[in-house]
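Enquirer: Annotation source TrEMBL lists transmembrane segment at B:7-31, B:37-56, B:63-82, B:88-108, B:115-133, B:153-171, B:198-218, B:238-263, B:275-291.
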Amino acid sequence: MEDKPILHVSQVGINFGGLKAVDGFNLKLYPGELIGLIGPNGAGKTTVFNLLTGVYTPTEGEIMLNGERINGLAPFKVTRKGISRTFQNVRLFNEQSVLDNVKVAYHSLARHSIISSIFRLRNHFIGEQEMEAKAIDLLKIFQLDKVKDEKAKNLPYGGQRRLEIARALAAGPELLLLDEPAAGMNPQETNDLMELISFIREQFNLTILLIEHDMKLVMGICERISVLDHGLLIAEGTPDEVRNHPKVIEAYLGEEVISNHA
Amino acid sequence: MLKKVNTFWLAIILAFVFYGVIQLLISTAIINPFYSNTLIFICINIILAVSLHLVIGITGQFSIGHAGFLALGAYISAIMTMELGMPFSLALVAGGIVAALAGLVVGIPSLRLRGDYLAIATLGFAEIIRIIFLNIDYVGGAAGMQVTHATTWTTSFLCLLLTIVVIVNFTNSRHGRACISIRENEIAADAMGINTTYYKVTAFVIGSFFAGIAGGLYAHNFYIIQPVNFGFLKSFDILIFVVLGGLGSLSGAVISAILLTVVSTFLQELPETRMIIYSLVLVMVMLYRPQGLMGTREITDYFGKWKWKRIKGGNQYGG
Amino acid sequence: MEWLQQLFNGISLGSIYALIALGYTMVYGIIKLINFVHGEVFMIGSFTGFYAIAFWGLGFFPSLVLSMTVCAVFGVVIERVAYKRLRNSTRIAALITAIGVSLFIQYVVIYIRGAQPEAYPNVLPNRTLDIFGIQISSQSLLILLVSVVLMIILQFIVHRTKIGKAMRAVSFDPDAAKLMGINVNNTISATFAIGSALAGAAGVIFGVYYTKIDPLMGIIPGLKAFIAAVLGGIGIIPGAVVGGFVLGIVETVVSAFGFSLWRDAAAFIILILILIFRPSGIFGKNSKEKV
């Protein structure tokens, strides 16, 4: 923990027409950590992701990535700085092939220009070949290489979820944000997903921040957990500390009992 | 990779063989001027269809003001040849460049808009361009401008080939994939590091460039150009090529441009009937087959699928 | 007093735009569709009024009512035949269909009766009144009065009647409205009927005021009314009225300064400026797609 934090969020908040969706949010992520972000419905979890990735500009506070201020940057610039994400409601490029979905995310790593592509110069072929090779390697890890030519919309649901993670990885992140990756999966699929997340974290040297409703998944793999309720951070700590935190129990009462879930 | 290069050159060679055969038939007068003129008209319409396909079909930006760029190309090239005495080839390029610049000027502000709002804004820009020409005496105002006949089968074929090669190559590269990803899901494209504004504007500029080229060919094929030729109905004509062919399918746009040009040549004497048929077809397509004739598929996909199925014996999912 | 005269002309023109814009805005508010056919409904209304006056010898008010009725039915038919199937398709498909239907109507009318214009008969007594030093024809005063009365009636329907309440509910959230027992289909049809009736009225008024009508007359006023609706904030009823009047005045002023050929361009420039700088219009609220 003596490393510098990769992501340092301090006192970040956002207003939507007078309504404070997130208020005074703090978070420190250190390299290699896997942190969970939980909270009841409407607590502002996805809003936090949207703030971190530049979809929304915070009305107050500061987001620092590797010591560099990134609030207000356009989403594609944030991605190029090293934060990549998946979406709660899967957002794939449906009509494009599985392979092309991943290639799109490799876009900013390639260098060949529009001119070289239009006139099919040498750089175009080198660049495209490199992208293709990288994309296929990545798809193999996610066991999607056999369906690389299928349209993304034709994949089964679990496959679409995995493709979205593969695509996020292709964008070359240091920090990966996963928005409810196990939503809609059965227990078997969820288990496989947990293994996959652990594996890619090692393989790609990732820091991961995860929103999840499936408490089993969060408690099982996260080292630390932050709990959000009504836009406010109400607890922070190890899974055990969070589980027994009075405010957390209070926030979840009436919605679900944490330990019995899943 | 070697295979891809070969198919590319094979296609080019085939195209030139086709060109040569037609040229031979024209010069031996087997194809009479009426039909050769129809061929030129088909080339111009394909260029328009394919250039709009890049904007609407590939990038998903709903522009219904393509006639504005056609008008710019037509007027600029006509000024170049008629007033400044420049050669036709230079005039074509100049028309394309001015149209592309206009595309840049129009694109940067309006591509912040989405869906129907963008559509209306492009329509507005096209109307403004038309009204500007209507009010400039230098280009004849409402009476229009006389232009010499300079467009031949050779020039229109070369321009068509250039358009298709550029747009196909653009589409099948990381740049084209970026554009398609914007069409499919702009928010996700942005989150994957695609500079969406840059690519929307680029697609718009390339599309406008070729619309400008088509304008040059158009002007030098009809002896006279008038602002009334470039109204909303002209934009609509181009739009219907793309929509009927299938949003996202280049071959679809080409096929429907050929089909509809032939149909409207036969209905030349009955403009009302033509418009009734056109609009009815458009409405029927939207109600019963909104993906158009081809959907997002290309002709080549049919060959590909056939081969793939034969080798693999049906498709399998990897779990 | 010259500018006062121009202001009055602008308001007269604006009232026509406003009447058409109301239909645009109501339909957009309820099914989020730019109903391009609206300009053609206006044209049909104008022709209905023309035939009623010229061939059946009806007076101004009976013709107005007849034309509004015909247009209301016409609007509902278009909605039922073409748009109803499109409720779940993409916005682009809906927009293309609207353009297609609009052209279809224009050219069917041309096919049936030809493209030649028609001179609107003079049905209203026309005396020139001198009010505060400006010349106002009794005709344009009456027209303005009719427009304003129609707008007041609309305001009453939307805010005081059951169907108005249903319209507001459906435009706010169609699914929730359905769960509350509102017949969404009928409500949408009613919206089309009311909007189209207003366009029909605008058609007759336009004919009487400008005296020349033709089958393509709907395109430009239709587009301008749409611009007026966007200007006021599309989906917002008072916005359409204000937008219509503003546009009418601006156009009259542009003409008055001797740029009458640029009049149409002025409207489109306003449209583009408003789309770029304030796409939600004068009265609109900004909304962003949910991620």
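Using the three backbone atoms N, Cα and C, a Cβ is placed for every residue, glycine included.
TrEMBL labels come from automatic prediction, so no person has curated them.
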Enquirer: Do any residues of this chain, six or more beyond the ends of the transmembrane segment (B:88-108), have a C-beta under 8 angstroms from a C-beta of it, and if so which?
Expert: 65, 68-70, 72-78, 80-81, 122, 125, 129, 150, 155, 159, 197, 200-201, 204-213, 215-217, 219-220
Enquirer: With CB pairs under 8 Å as the measure, which of the listed stretches B:7-31, B:37-56, B:153-171 comes out on top against the transmembrane segment (B:238-263)?
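Expert: Comparing B:7-31, B:37-56, B:153-171 against the transmembrane segment (B:238-263), the winner is B:37-56.
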Enquirer: Which residues of the chain, 6 or more past the ends of the transmembrane segment (B:275-291), have a CB below 8 A from one of its CBs?
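Expert: Same-chain contacts beyond the ends: 233, 237, 240, 243-244, 246-247, 260, 263-264, 267.
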Enquirer: What stretch of B:7-31, B:37-56, B:153-171, B:198-218 shows the most Cβ pairs under 8 Å to the transmembrane segment (B:63-82)?
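Expert: The stretch I would name here is B:198-218.
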Enquirer: Below 8 angstroms Cβ to Cβ, which residues of this chain, lying six or more residues outside the transmembrane segment (B:153-171), approach it?
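Expert: Answer is 12, 15, 19, 22-23, 26, 36, 39-40, 43-44, 46-47, 50-51, 53-54, 58, 88-89, 92, 179-180, 206, 210, 213-214, 217, 221, 250, 254.
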